[in-house]
Ligand code: 16G
Ligand code: MG
């Protein structure tokens, strides 16, 4: 390979050396840690993005963000050609690059070996699309990714400030010649806003005829002091006659994700700081990179109620199955909901037994849910934390199109099919997207004539408790069956089974965290007191058996 390229890489490595003793793995959220110790890894991820692009002959995305983590953290993750997360087989290369010594010859040798193995050349065409969140450290880190990728002759598209789902969408559009949508931020908003308007304008017109003009829906949103605040403004600009969004925690006063954002609200089950709980019928929180969404409201007794990812699964599945039934398409397609062990048992019960929709359970982490969702014509997935989306197969899309065009069908059938087609355009099929999910939720509530209280009362959650347990080595805990059962240490599962059997509707599991050096305990039961007690009993057993 070229000496010139090697020289440039040497300079870059000298400028951003790898701190000694650091071990950094490419996890579910890519590389993520304190921002000040990240620059060196950005060199390696830039090189990897470039190689991936050469191999796939397509644009690869690099998103700089640490999502819901505090401002002092940052991270990077790669996006594959169709807007999905980096293929798992490449995480190995990411980890290999990360673990190499900080020596140009070692790194260069590895690159040459990898390029031979992957059958690509330095001059092969490559394109990397970069975007970042609002963290102070983001511009510098993205610039290092750019400089590193350019060493391998890569064309860079820098989209600067974007939400994570916007970059996923953009990469997809670029690679499929804009069949999915136009490859710009304006294209993204055009697609989701036009679909939203189409879907609810007709419905609002009908309502207006029967019960008078309806004012725009009002929503107060906590934007976690992150990138979402800047982007929500566009929804306001385009949809203000249908939706009035008041944006709080917009980054002008508070700190990113500090006592606010979807993760905070979900974890502490309370409203964030910086958002006055007055006068608004509905509230939402998104996270620092706008790929998670949580709804909540205050009832007339001043009680706080939260609607999380499980609730989105139920709402989306209800709406879609209604439309499939109305369009007489239900028998021709396979629909399923994908959850993790964290899904509240009541939601699973409601989806399976009341809605008659099958549920699959997979290990924690978006990539597992997304992958499983591909098995269905309509795969609806949400993590309880509010991250999720819906995937629609080509088969489903062509059946819907045929139904719309079929003159032998009734008007009602064709209307339902066209509503489904428009709904698909609101959804960001590449990844969970707080903005798209918000519009989809508002559209469904309007079309189903459902209030937020009505949505909440579809079923009652079982009380639950989650605990973090610090143990000396979290790898001692090993799980199976989508993390619902432990296989190590010995006897732990027997003890869990025995404790759980003492509680009505009891359920509990233990798993090592993928993002923190702790073990997580989950418990649910018929009362909060029982759920708390069960969780605490399990904690003691975990501590005892891992001493
Ligand atoms: C990451 C995952 C998220 C998962 C969480 C679990 C992605 C993009 N994010 O944030 O899906 O719920 O990790 O964290 O995959 P834990 O292993 O610490 O419980
Ligand atoms: Mg996020």
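Indices start at 1 and increase along the chain as displayed.
Here the Cβ of each residue, glycine as well, is placed from N, Cα and C on the backbone.
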Identity of the Mg(2+)-site residue among 50, 53, 67, 513 (reference: 287, 289, 291, source: TrEMBL): 67
Number of helical, extended and coil residues in the domain 'Alpha-D-phosphohexomutase alpha/beta/alpha' (114-175), per DSSP: 31 helix, 13 strand, 18 coil
Residue, out of the binding-site residues 512, 514, whose Cβ gathers the largest set of other Cβ atoms within 10 Å: 512
Dominant neighbour of the domain 'Alpha-D-phosphohexomutase C-terminal' (490-540) in 56-89, 114-175, 183-293, 308-448, by Cβ pairs under 8 Å: 308-448
Contacting binding-site residues for ligand 1, chosen from 287, 289, 291, 512, 514 when the Cβ sits under 6 angstroms of any of its atoms: 514
Residues in the domain 'Alpha-D-phosphohexomutase alpha/beta/alpha' (56-89) grouped by DSSP into helix, strand and remaining coil: 3 helix, 14 strand, 17 coil
When counting Cβ pairs under 8 Å to the domain 'Alpha-D-phosphohexomutase alpha/beta/alpha' (56-89), the leader among 114-175, 183-293, 308-448: 114-175
Other CB atoms, at most 10 A from the CB of residue 385 (substrate binding site): 22
Cα-nearest neighbour of residue 291 (Mg(2+) binding site) within the listed recorded positions, 67, 383, 512, 514, 520: 67
